[in-house]
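> Straight out of TrEMBL:
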DOMAIN    17-365  domain 'Citrate transporter-like'
TRANSMEM  26-44  transmembrane segment
TRANSMEM  93-125  transmembrane segment
TRANSMEM  132-152  transmembrane segment
TRANSMEM  180-200  transmembrane segment
TRANSMEM  244-261  transmembrane segment
TRANSMEM  273-292  transmembrane segment
TRANSMEM  312-330  transmembrane segment
TRANSMEM  362-387  transmembrane segment
TRANSMEM  399-422  transmembrane segment
Amino acid sequence: MKELMAAALFIATLTALVLVKENRRYIVALIGALIAIALGLVKLNHVPEYLNLDVLGLIGGACVVSAYLSESGLTEEAAKRAVRWSKGDLRKIAIALGLLSGIISLFIENVTTLVMLAPMVFAIARAAEVDAVPLLLITAFASNLGGAALLVGDPQSALAAGYFNLDFIDFIFHDGKPSIFWMVLAALLTSTTIFGYVVSKGKIDVDNVLKQLRGVENEELAKIALIALGVKIFLLSIRKEIGIGLAPPALIAVSIILLYRRSWDDVKFAIKSVEWELLLFLAGMFLLVGALEDSGVMTTIANALKHCVGCNFYLASAVIIVVSVIISGIMDNVPYLLAMFPVIQDLSVHCGIYWFKLLLALLIGATLGGNITYFGTSTNIAAVQLLSEAGYKVSFRRFVKLGLFYTILALTPAIIIFYLVWG
């Protein structure tokens with residue numbers, strides 16, 4: 001009975017998450033978590049464990065460091081250099097926008113990256129008298145790819161690291177083999193280059209666009225933010241050796257900035273920079289997934305998957321990738337990832353398949369497959385809203401056409417590398 005109740009509550013919560021506005025998702029998640037506790041679906045002594053304050057601390061600290069990197073003007077300086085490199089060729093600019101967005105999103109939250117680059121995209125479109133839709137969408141699509149590439153604070157990578165006890169290096173190399181970073185990098189280079197070349201053409205006035213970008217305005221802030229980021233990455237790389245969790249490196253990075261600045265205004269800026277709604281949303285989802293675990297739902301799913309694939313690695317990984325692409329294309333991948341981590345662990349134990357292989361399949365499908373519709377990520381929703389405000393209408397059909405094209409381009413090299421290296 002508890003198993004059925006937990007599954008029904010989780011499905012009802014996911015349905016509500018699709019229907020409500022982006023800034024109200026945390027309320028839905030918290031209501032679902034409270035219902036789970038009230039119904040006894042989550043054991044009270046498991047609540048502190050399921051809340052996973054370590055992961056929440058990493059994400060909260062990453063929000064602050066990202067905000068200071070953005071405030072310093074570093075991203076716009078990078079954008080200016082990309083425009084100069086293009087020499088006015090719109091195809092090169094589209095490719096540069098995508099690559100820049102993907103790289104920046106490794107260190108800065110995806111929607112923030114999009115919002116920072118959007119004014120430049122619209123300026124380029126006006127200067128070239130071309131449609132801004134493909135240019136902004138390539139920026140959004142590329143931004144979404146980096147969610148699990150590196151352990152620097154994006155929810156996807158932080159959640160995986162927290163559940164499977166990974167460090168920064170594990171996302172680059174694991175057991176001496178290339179990890180998810182290289183698959184995402186191949187996906188970014190391939191999809192962005194081909195997509196940018198196919199959907200864009202024309203020339204722009206480079207000087208006119210450069211006038212609208214501010215570049216680095218505070219060199220001291222840029223330097224201290226980069227130092228803080230470097231310290232965080234270093235500590236995340238050696239956290240297993242020195243015995244620390246995920247949160248301390250991020251909180252130390254924030255402390256470095258605040259101690260250097262020594263201003264009450266900076267403390268207020270740091271507090272404001274934290275995405276509290278995201279943290280509350282994750283806390284609620286942690287407890288809901290905990291209810292699925294405590295009630296035995298995840299074990300049932302793992303057993304069903306084992307029965308379907310017969311413990312064959314190639315079949316199991318293919319099913320995980322395909323299902324992940326489909327689900328991440330129509331809904332936020334965070335709840336899905338949280339629900340699938342225990343399934344992967346159980347499947348690994350039951351079938352003797354190395355859990356990291358299954359995790360890679362999950363991350364490939366969930367993070368590279370989120371661009372098919374604009375429901376899949378908050379970045380895509382923000383892109384459509386920004387385009388609408390600028391006077392560009394994007395039909396659902398056109399978005400799916402462009403999103404599916406980009407997704408296929410991204411998945412192909414990533415899957416090839418995955419099976420060549422880990423098959």
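Keep in mind that glycine also has a Cβ here, set from the backbone N, Cα and C atoms.
Just so you know, TrEMBL annotations never went through curation; they're auto-generated.
Keep in mind it's a predicted model, so treat the numbers as computed, not measured.
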> Counting only pairs 6 or more apart in sequence, are there at least 3 Cβ pairs under 8 Å between the transmembrane segment (180-200) and the transmembrane segment (132-152)?
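Contact criterion met.
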> Do any residues, 6 or more residues outside the transmembrane segment (399-422), come within under 8 Å Cβ-to-Cβ of it, and if so which ones?
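Same-chain contacts beyond the flanks: 133-134, 137-138, 141, 145, 177-178, 182-184, 186-191, 194-195, 198-199, 314, 317, 321, 325, 329, 357, 360-361, 364-365, 368-369, 371-374, 380, 384.
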> Residues sitting near the transmembrane segment (312-330): Cβ under 8 Å, six or more positions beyond its termini, same chain?
18, 305, 336, 340, 344, 347, 351, 353, 357-358, 361-362, 364-373, 375-376, 403, 407, 411, 415, 418-419, 423
> Ranking 26-44, 93-125, 132-152, 273-292 by Cβ pairs under 8 Å to the transmembrane segment (362-387), which is first?
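Comparing 26-44, 93-125, 132-152, 273-292: 132-152 has the most Cβ pairs near the transmembrane segment (362-387).
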> Top stretch among 26-44, 93-125, 273-292 for CB pairs under 8 A with the transmembrane segment (132-152)?
93-125
> Find the average pLDDT over the domain 'Citrate transporter-like' (17-365) in the predicted model and report it.
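Averaged over the domain 'Citrate transporter-like' (17-365), the predicted model reaches a pLDDT of 86.
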